Amino acid sequence: MTQTDNPVPNCGLLPEQQYCSADHEEPLLLHEEQLIFPDHSSQLSSADIIEPIKMNSSTESIIGTTLRKKWVPLSSTQITALSGAFAGFLSGVAVCPLDVAKTRLQAQGLQTRFENPYYRGIMGTLSTIVRDEGPRGLYKGLVPIVLGYFPTWMIYFSVYEFSKKFFHGIFPQFDFVAQSCAAITAGAASTTLTNPIWVVKTRLMLQSNLGEHPTHYKGTFDAFRKLFYQEGFKALYAGLVPSLLGLFHVAIHFPIYEDLKVRFHCYSRENNTNSINLQRLIMASSVSKMIASAVTYPHEILRTRMQLKSDIPDSIQRRLFPLIKATYAQEGLKGFYSGFTTNLVRTIPASAITLVSFEYFRNRLENISTMVI
């Protein structure tokens, strides 16, 4: 076949796999891997016409687009990490006011400033904060929340998905055990790495604009600086032990959530893409969170109180077992569930926002990553 720079007029790419040769005015019909001229008995392989096709820019564009490989911009690990970061950010911003209220209620039991309960109930706590500090008081600790949730959930979901595959190999017949082990592993990694951020968040949420706290922090980075220089590196890891004990929470929460996702048929397959049922995911995340919170809430009380300022005279707040004893002696069993109702109001929507948005972002990114450009 003779190569030419100017194809015969009206001989371009034709529909139904028809092509035109520069030497023949009649179209060439492409049958699988061969080209057959209608008026010739000779047959040419597709390789014989590659160069003529390349001379036609329009043809090159069409074929290049058709044969282009699937574009996969993100790996599975990257998709999981980004989805977790986005989900944590949305959750933190949405429930920050309730988080402030919960922290105040948890802390007031042993603090001298709160010998007579200063905050009462959910709405009472929120209204008291607004009255004393203005609406901005509801968003104290927002910066460390934003800084904290990004790495926390990014680390958590990444480690969880990896560990889930690992432990399923060890416990192939016991999904609950494998998922619990994966949740504990992920929780330990994220909690240990981000604990300093949550210490700062707790300090900022507890201080008042009135400046009555023993140390007044001007902001997130000022709190980090004062914590490190005035109290030492150990202060950044205050409350880590009860936080690690709180891993029993995720060991209960995530296996139940995984099971409910299947039972509620939260995922379906449509048009070669995965689709999610948001209402069913919300139900699965809410029910699983409620069960886990009821079982493991006392550790949050202990963690919050251990993270308080340590320069209160004769403070016992940095030692776990003396703190448990003092809490029980002064407040009884109900002291371990101080702010529990507020916590449920906060954590159930927070869990729903985090898990549902994680599933949504992951599903969208996975579908986009498998699209043909």
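Each residue, glycine too, has its Cβ placed from N, Cα and C.
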### Task
Would you say whether Swiss-Prot puts TYR139 on the same side of the membrane as GLN307?
yes
### Task
Report, as numbers and ranges, which residues of the same chain sit near the transmembrane segment (281-297): CB under 8 Å and 6 or more residues beyond its ends.
246, 248-250, 252-254, 256-257, 260-261, 263-264, 266, 336-337, 340, 343-344, 347-348, 351-352, 354-356, 359
### Task
Please give the average pLDDT for the repeat 'Solcar 2' (174-263) in this predicted model.
86
